[in-house]
Structures are given as C-alpha cells and as structure tokens.
Amino acid sequence: MIAIGLEGSANKLGVGIMLHPEDGSTPRVLANIRHTYVSPPGEGFLPKDTARHHRSWVVKLVKRALREARISVRDVDCICFTKGPGMGAPLQSVAVAARMLSLLWGKELVGVNHCVGHIEMGRLITGSTNPVVLYVSGGNTQVIAYSSQRYRIFGETLDIAVGNCLDRFARTLHISNDPAPGYNIEQLAKKGKQLVDLPYTVKGMDCSFSGILAAIDGLAASYGLNGEEKEEEGAGDDSKPTRADLCFSLQETVFSMLVEITERAMAHVGSKEVLIVGGVGCNERLQEMMGIMARDRGGSVHATDERFCIDNGIMIAQAGLLAYKTGFRTPLKESTCTQRFRTDDVFVKWRD
C-alpha cells in the first residue's frame, strides 16, 4: 500500500510518500519533501502568511514528490493529512488541498493526529519498541507512554511549549529564523560559558516555561542585548553575560526540566527507553543530557535527524497508512481541522 501525507500545522509544509510492502517487510520512504516559510529576524510567523505560503507551494510539492517516488496517481491508496493540533489557517489550507486531491483522484482521506505522526515515525526509524516519548516542538511539550491502545499523556507544559520559549527568545535577540530560530539558539549556546540563574518550574510530571521566558527577556533587556547584535557586545566586561551565555543558560535550564519529568515517567511506567520526537528533539544538547540520564538508569535514548524530527509529510503518511490498514477512513464531511486535537484522543487500533 502507498499513502501520500500532507503536513502543514505550522510554518513547514511537508509532502511525503510511504510504501508498506504487501509482504509485511520494512516500510519504505519513497519521497520526503519540505518547504519552510521563513519570517524576518525578530518576527514570528503569522497564520495568514503561513497559510498563504502553504497554498502557493502545496501543488508544486505534491508533483515533485510523485516524480521523486516514481509513481503515478493510480498507485496511491489513500491521502493522509494533518487534522491537528496546530495553527488554524495553515491546517485548513492543507486540509483543503487534501480534499481537492481526494475528489480529483478518487482516493479516500485519512485525518492524522500530528503528535501520533511524530511518534510512529520515530518508532519506525529508530526501532524503539515501547519507549517513553518526549514530544518537544514549537507548539507541544508532552511526556507520553503507550497503554491500552492510547498514547497516554503523563506530563506536559502548563503554558507555552519549550520550542515556543526558545523561538520567542530568538525574537528578543533578533536572531535569524533561517533555517530555524531554535537551531540558531543552539549554535549560539555552544559558545556560552557563563550559567545565569533562571527560574526552574516543575510540578510532578508537568512543567512551565512562561516564567523562564519572562525572566530571560528581562535579563536581555537589562544587559542591552534585546535587539540586533552590536559590535561592542561582550567587550571589556567579563562579568556581563553575552547573548551566547543567555542562550546557553536557557537551554541548560529548560532541558534539565525536560530530563527530570522524562525520568519520572520512566520510573512510573517501568521503561528503559526514551524516544525524543518533534523539532526540538534535533537539539544535540538535549539528546546528550537525556542520554546521561538514561545511561544512569541502564537505559537508552532514541532520536532521529532533521529529516524526521522536524515536521514532515512522511510521518503523516506513516501514521495514516497504519490507521488505513485497520479500516479507518475520514469521510469528506468530517475532514475538518481541530487545533486542540489531543494525543490521547486517538484510538491506536494498529497496536496491541
């Protein structure tokens, strides 16, 4: 079976084509194409602008994916799209494209939960069996474990997502959004040496990032670092934190919180595996810190590279095809988007 997946819940538009061989052998990625809407430094991406980007690129990416996969429309069994969670306008633009292709090609639709897509793609690529999942991105921060055909949320952010915290601080510093603000924060943090004290907020298996963001924004303003970088920054005063120091401190603090709640979930469910998914999961420092914790517990950490960590269409095709093979379909009249589509709302029929 072959599925085409369309992802557009935020600023990345992805089209992926996945093959599940009839003999039950390992699924194959036939195409995985992505195009990103990049806003100017110091600015986020507005839903209307992002949706306009997706509408203008989706047909081009679908055609390119079909060429790369070397298949025709006749070979496609179903069209999978992100039903939620995500930003309303971008989600809607991709859902409209999926409906159009469904009607044009006469193919059935499968609405996919974005978070479940990340989990299933991570499981496929890494070969992890039943891990505790840390899902970290610009819009979500959740600690998840599978039980009784649901991906249960054991802990999550109480306010903003960790990726949103990092992205918004990048705006404060006027760091470039190309290729991604979080990536540029990570590169700057590697140069940091001074650890600045920041709030640390963990409640059980939940955490909060808004207070940390407010605190570090205030520090950046007090040291004159909130704006475009000046040539004289960091010169002459070794006691004054630099941009790199602030990025380093922010990463160390928020990642320590994530490691703590993940370890607590591992102890609760008795797992020795951690799977990190979502865009922030690409961060090498997060993977390193999580690895130290897991090794101390006699466990292991699984993560993917940017092809599969960052939002992509192939994860939607993978999760959609798993659901499609169990008989799941999304009727045209129900092919709407749900911005707050919870991970544990999905009945995971394809797992025991």
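Note that the numbers count up from 1, one per residue, in the order the chain is shown.
Keep in mind that glycine also has a Cβ here, set from the backbone N, Cα and C atoms.
Just so it is clear, the model here is predicted, and its values are computed rather than measured.
Noted in Swiss-Prot for the protein shown:
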- His114, His118, Tyr135, Asp311: divalent metal cation binding site (BINDING)
- Tyr135, Val136, Ser137, Gly138, Gly139, Asp167, Gly182, Glu186, Asn283: substrate binding site (BINDING)
Rounded to a whole number, what is the top Cα to Cα distance in Å among the residues the record ties to substrate, namely Tyr135, Val136, Ser137, Gly138, Gly139, Asp167, Gly182, Glu186, Asn283?
18
Rounded to the nearest Å - Cα separation of Ser137 (substrate binding site) and His114 (divalent metal cation binding site):
11
Spatial neighbour of Asp311 (divalent metal cation binding site) that is closest, considering only the binding-site residues Gly139, Gly182, Asn283 and their CA atoms:
Gly139
The one of Gly139, Gly182 whose CB sees the fewest other CB atoms within 10 Å, among these binding-site residues:
Gly139
His114, His118: which of these binding-site residues has the sparsest Cβ neighbourhood within 10 Å?
His114
From the binding-site residues His114, His118, Tyr135, pick the residue whose C-alpha lies nearest to the C-alpha of Asn283 (substrate binding site).
Tyr135
Please classify the secondary structure at Gly182 (substrate binding site) using three-state DSSP.
helix
Could you state the CA-to-CA distance between His118 (divalent metal cation binding site) and Gly139 (substrate binding site) to the nearest Å?
13
